[in-house]
Amino acid sequence: MPFTLVSSLISDPSIYLHQVFQLTTSQIIKKEKKKKKRTTMSSITQGSYPPLLQDAEKERLVQVVKDWTVAHGLTVRPPPAIAGNDTEGILATSAPVTLFPSPFPKSCFEEAKAIQTTYNELYALISQDEEFLTEMVKEVAGGDEFIANLWNVHLRVKKEGYVQNLALGLFRSDYMVHQDDASLQIKQVEFNTIASSFGGLSTQTSLLHKHLAQHEYPLLSSSSSASNLDLPSNDSAAGLAAGLRAAFDAYGPSTLGHPTCVLFLTQTGERNVFDQRHLEYALTSSGPNKVPVFRLPFSDILTHTTLASTPTRQLLYTLPSNPSLVFEVAVVYLRAGYGPGDYPDQEAWEARYQIERSNAVCCPTVLTQLAGMKKVQQVLATPEESNSNSVPSALAKFMPPTAEKTQRLLKTFTNIYPLDTSSSGLHARSLATSPTQCQKYVMKPQREGGGNNFYRSAIPEQLAKIPEEHWNSFILMEIIEPPALANSILRNGKVEVGGVICELGVYGTCLWDQSSGEIKFNEEAGYLLRTKGDKSEEGGVAAGYGCMDSVTLV
């Protein structure tokens, strides 16, 4: 997957960097009824940030970043255009990364982290509600074969009976800062329930920017704006590993006498391998007892795993390098299987079925993966048609409507609409097909991984290609308009300067019992900041649209 950035390059970066935050006083100062000043992004990032770089300074900083990233594993496998014929897989290159941490409102950052355990709880509850998920699947499966096939895996296992009640979620809730006339607030872009990536590289990115702030920024001729940066710690790799460790410990020892292990299911030719390795290394070094961790391509599941001929159907992994060693898999962590590309044939679906029906703790189960559908996000956020000010009934089904934690979740929702034949859906259809109204929206399918959405004028064009009876497989979301920022991005050894947009992801780990509903582990687990050019619609780093970043709190 190419790591290219559709960036907003400008004719005179130095002028832009000086002027990007210089808004008028009337734009900066807003007051509440009590005359209390409100915080806006422009008021807390006044001045020239990031600092201007002279050519010699840029050359030095780039070299430092290239060396540091390779030395500390802030790396990816290079794209084919750069790797050439690297058949032995020996090459690595710096992950695309900003030269400076990006300003992020402290109040928004703290709120996103504070509500993560509530989001964990919410999606654990959704995963347990088969009736609710049945209705969600019915809404979209007619026009989405992938979702229909996932649901069929669940139905097959349900028919013979699940043997493992524990379920693990390594989640990530993604936000952008929304700036209105009075304040800054976080608005949720999406909630990820499978293969929530970059927890490993995110920790390293935070450490990189701390290193630069201590050793390199003070050497710049215009260093004042990069002094006294508020760089929070970020233990996302350790936090996610703690969730895997909790599931591994809860599984307990093998009743068959095998050593137990954690199995990472990956994509063939995975370029983001080092992100996954950081998580693996954090897991193997956690706790007093050793946790064996193995990587297995999703396409090789049926080749190297079998189910024990016992009522509990233990998942057994035969080590390819030494077939005499057989491990019982305690936890299966899917970093693949989130999109149709991972299921090229029926054998791939049989492999997913084997994992799901086994006794291993799945991260995620099929039900948890389906809980991450955009349709679920839409239903949670859409008020009743009879009362637009009410707590959405779907959210009230899982959370007490008047509870403070529910109200805090509500504040993160943006306007999301179905594209079905309800009155809300018909209204959304009129917006989506209007050449002018569609400019404010993004249309999303039920997919993870980036690169799947349709923005603005592309929406009516795409709908024209789809049978109208399948439109309800999509949702329509109002585009979040974040404040203007600027930064410099190092990609493949070259620096790109211009306007950027930042997206914050907060990780969460949750282990629960699908049968009893008991939550056994629930933690916030660090953060990810992805930055993209301000003319780029998508933001996924692995999908080739964004870059790694970290926050400086303002």
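Cβ atoms are placed via backbone N, Cα and C, with glycine included.
Those TrEMBL annotations? Automatic predictions, nothing curated.
If you look up TrEMBL, you'll see R172, 194-197, 270-272, Q276, 335-338, R530, 541-542 marked as substrate binding site. Residues annotated as Mg(2+) binding site in TrEMBL: E190, N192, E448. Look at TrEMBL and you will find E190, K374, 444-453, Y455, 477-480, E503, K532, E538 tagged as ATP binding site. Positions annotated as domain 'Glutathione synthase substrate-binding' by TrEMBL: 260-371.
Applying DSSP to the domain 'Glutathione synthase substrate-binding' (260-371) sorts its residues as follows: 40 helix, 31 strand, 41 coil.
Reported as a whole number, the C-alpha separation between Q276 (substrate binding site) and E448 (Mg(2+) binding site) equals 17 Å. Closest by Cα distance to A336 (substrate binding site), from the binding-site residues N192, P445, G451, I479, is N192. Cα-Cα distances to Y338 (substrate binding site) place none of the binding-site residues E190, P445, G451, Y455, I479, K532 within 10 Å. When the binding-site residues A195, A336, I479 are compared by the number of other C-beta atoms lying within 10 angstroms of their own C-beta, I479 comes out lowest. Candidate binding-site residues: Y338, Y455. Fewest other C-beta atoms within 10 angstroms, Y455. In this structure, R271 is the one among the binding-site residues R172, R271, K532 with the smallest number of other Cβ atoms inside 10 Å of its Cβ. Between the binding-site residues P445, G451, the minimum number of other C-beta atoms within 10 Å of a residue's C-beta occurs at G451.
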